[in-house]
Amino acid sequence: MFCIQCEQTIRTPAGNGCSYSQGMCGKLAETSDLQDLLIYVLQGVSAYAVKAREFDIIDHEIDTFVPKAFFATLTNVNFDDARLVEYVEQANAYRGRLQDAYETACTAKGVTPEQMSAPAQLILATSKPEMITQAAQAAPNRGDVHEDILGLRLLCLYGLKGAAAYMEHARVLSQTNDEVAGQFHEIMAFLGEDSVDVDKLFATSMEIGQLNYKVMAMLDEGETESFGHPEPTQVNTVAVKGKAILVSGHDMVDLELILKQTEGKGINVFTHGEMLPALAYPEFKKYPHLVGNYGSAWQNQQKEFANFPGAVVMTSNCIIDPNVGSYADRIFTRSIVGWPGVTHLVGDDFTPVIEKALALDGFIYDEIPHLITIGFARNALMAAAPAVIDNVKNGSIKHFFLVGGCDGDKAERSYFTDIATQAPDDSVILTLGCGKYKFNKLEFGDINGIPRLLDIGQCNDSYSAIQLAIALSEAFECEINELPLSIVLSWFEQKAIVVLLTLLSLGVKNIRTGPTPPAFLTPNLLKILEDKFGLRNTTTVEEDLKTILNVA
C-alpha cells in the first residue's frame, strides 16, 4: 500500500504517505492495492481508446465507464473490495474489446499495430489474491523515480481523478462530449507511460485544468437545463417532525428520483453536505416534502448520521465507516460508492430506502427553524453584478474573498472560519463546496442590500465564481488578477486539486491553500508553483489579511 492523495495522509520525518495495513481514511491495504490495479488497467483501456480513435472508432460505453470507475478510487468513495474487483475485470474486458477493434482496423488498413504501454499489455490475474500481488507493479510510486517527478505525476493523476468525478456527475445529467472524452483518454494513457519529462508533466497538469473547465461548464449546463437556475433561497437547517430520508453526496438526479418516489408517503427529505445547493433550484421547490438541510460537512457524518432518525442515501463521495455510529443497516450506497456490508442500490428503485424510513421513528418534534440563504450561482451572480459593480465604484465594497473548497476535521481549519468572520465589513465573501460549513450558519449582514456572504453552491460551482470574476474584470477593464479578489482554498481531496489546477490554468494567481500543502508536492515543486503562480499556503489570519489588504 502507498497512498498520499488526501490531506489526512500520514506525514513523518521518514516520509509521507499511508502504507502498511490501513490508511488514515480507513482504507485497508488490500483495498488500496486494488484501486491502484484498477487505475493501471484503466490506463491501458485509455491507451487503446486513443489508438482506436485514430481510426474513428469511438466506444461511448467505454468512454462512460473509464472516468466512472476512476471516480471509485477517489478518497472516501469505495471501500468494497468485491466491487473494485468487478471494476478491474470489466476494465480488462473493455481493454480487450478496444484492442480487438484497433488491431482489426490496422489489419484492414494494412498497417502494423503500434507497441503499447505496459498497462495496455498487462495480463490480468484471475483471482483477488493474485490481483493484490500483481498490484505491486501498479503502485503510484513504482520504480526508482526522483521525488519531484513522482510529485508531478501524482499532481496529474489526482487532478485527473477530480476531473473524472466531474465527468461522471455531468454524464448523469446527460452531458457527454466526444472531444472531452478523447482528451481524457490521452492524458490517462500518457500517465500510464511513466514519463520523466518535467516540462511535459507540468504542461499536462495545466491541460487537466483546462479539461476540467470544459467539464464544469458541461455540468453547469446539465444542472441548469434539468433543474433551472438556482435562485437566492432561505433554507431551514434543523429537524422537521416526521419520517425522514437524508440524501448526501452530489447527485441531483438521485435526489429527484427520491422526491418523486416519496410523494404522498408522509416522508420528509433532507439534504446533507454538498447536496445543500439543491434546495435553491426551482425544479426542487415543487416538492414540499423537501424540507431542508440537516447536518454539515462529510467529516461529521458519523455523529450526524447516527443522530438522524431515518434512512440515509450516499449518492457519491464522501462516505466513512458507518459502523462507528451503528447506522450501517440504514445507509444505502449508489453508483460508485461502496462500503462492505452496506446495501448498494442498483437501478432507480428506492423502495428499500422508503421502507426503511417508514420503519424508523423519524423526528418526533419540530425544532425552531434556523434559516440560511443559498443560491447565488452563476445566473444570480450575473443578475447581481450591476449592483455589485456600482457598490465597488462608490467604495461601499472594497474587497472580495472566495473562501471555499473541502472541509475536514483538523483543528487548523478554524482558519477558514476566522478569515471569514474577520474579513472587513466592506468586503463580500463568496463560498462554495463543503468548506462553507465552517461559517455558513453565521450572520454576516449586507452591504446596501447585497448579502456579504454569497453561497455559490457545490465545489464544481467554481465555474460560477469564475464567470463572475470574468464579468467583473470586463466591467472594470482589467485582468482577473488585478481585481480586489482573494482566493482562499481549503483542500482535502482530488476534486479540490483539479479546481486548483483549473484556476491556475486560467492564469489566476496568488491563491492561498490550506491548512497544509499536499504531501505529494515536494518543497521544490511548491517553490515552482509559488514562483510561477504566487501559490502559497495559509499562515495566520492576521498576517494573511494584512498582506491581502496591503495593511502596513
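Cβ coordinates are placed from backbone N, Cα and C, and glycine is handled just like the others.
Look at Swiss-Prot and you will find Cys3, Cys6, Cys18, Cys25 tagged as [2Fe-2S] cluster binding site, backed by sequence analysis. The hybrid [4Fe-2O-2S] cluster binding site annotation in Swiss-Prot covers His250, Glu274, Cys318, Cys406, Cys434, Cys459, Glu493, Lys495. Among the features that Swiss-Prot reports, cysteine persulfide is placed at Cys406, with the record citing sequence analysis.
Of the listed binding-site residues Glu274, Glu493, the Cβ environment within 10 Å is emptiest of other Cβ atoms at Glu493. Annotation for the binding-site residues Cys6, Cys25, Cys406: lowest Cβ count within 10 Å of the residue's own Cβ, Cys25. Most buried of the binding-site residues His250, Lys495, judged by other Cβ atoms within 10 Å, is Lys495.
DSSP classifies Cys434 (hybrid [4Fe-2O-2S] cluster binding site) as helix under the three-state reduction. Across the structure, Glu274 (hybrid [4Fe-2O-2S] cluster binding site) and Cys25 ([2Fe-2S] cluster binding site) are spaced 19 Å apart at their Cα atoms.
Listed in sequence order, the residues of the same chain lying 6 or more apart from Cys434 (hybrid [4Fe-2O-2S] cluster binding site) and placing their CB within less than 8 Å of its CB are Gly273, Glu274, Ser296, Ala297, Trp298, Cys406, Asp407, Cys459. The closest partner of Lys495 (hybrid [4Fe-2O-2S] cluster binding site) among the binding-site residues, by CA position, is Cys6; the full candidate set was Cys3, Cys6, Cys18, Cys25. One way to see the shell of the hybrid [4Fe-2O-2S] cluster site is to take the Cβ centroid of His250, Glu274, Cys318, Cys406, Cys434, Cys459, Glu493, Lys495; the remaining same-chain residues with a Cβ within 8 Å of it are Gly273, Trp298, Asn317, Gly433, Gln458, Phe492, Ala496. Taking the Cβ of Cys3 ([2Fe-2S] cluster binding site) as centre and 10 Å as the limit, one finds 26 other Cβ atoms among all the protein chains shown. When the alpha carbons of Cys25 ([2Fe-2S] cluster binding site) and Glu493 (hybrid [4Fe-2O-2S] cluster binding site) are compared, the span between them is 11 angstrom. Between the binding-site residues Cys18, Cys318, Cys459, the minimum number of other C-beta atoms within 10 Å of a residue's C-beta occurs at Cys18.
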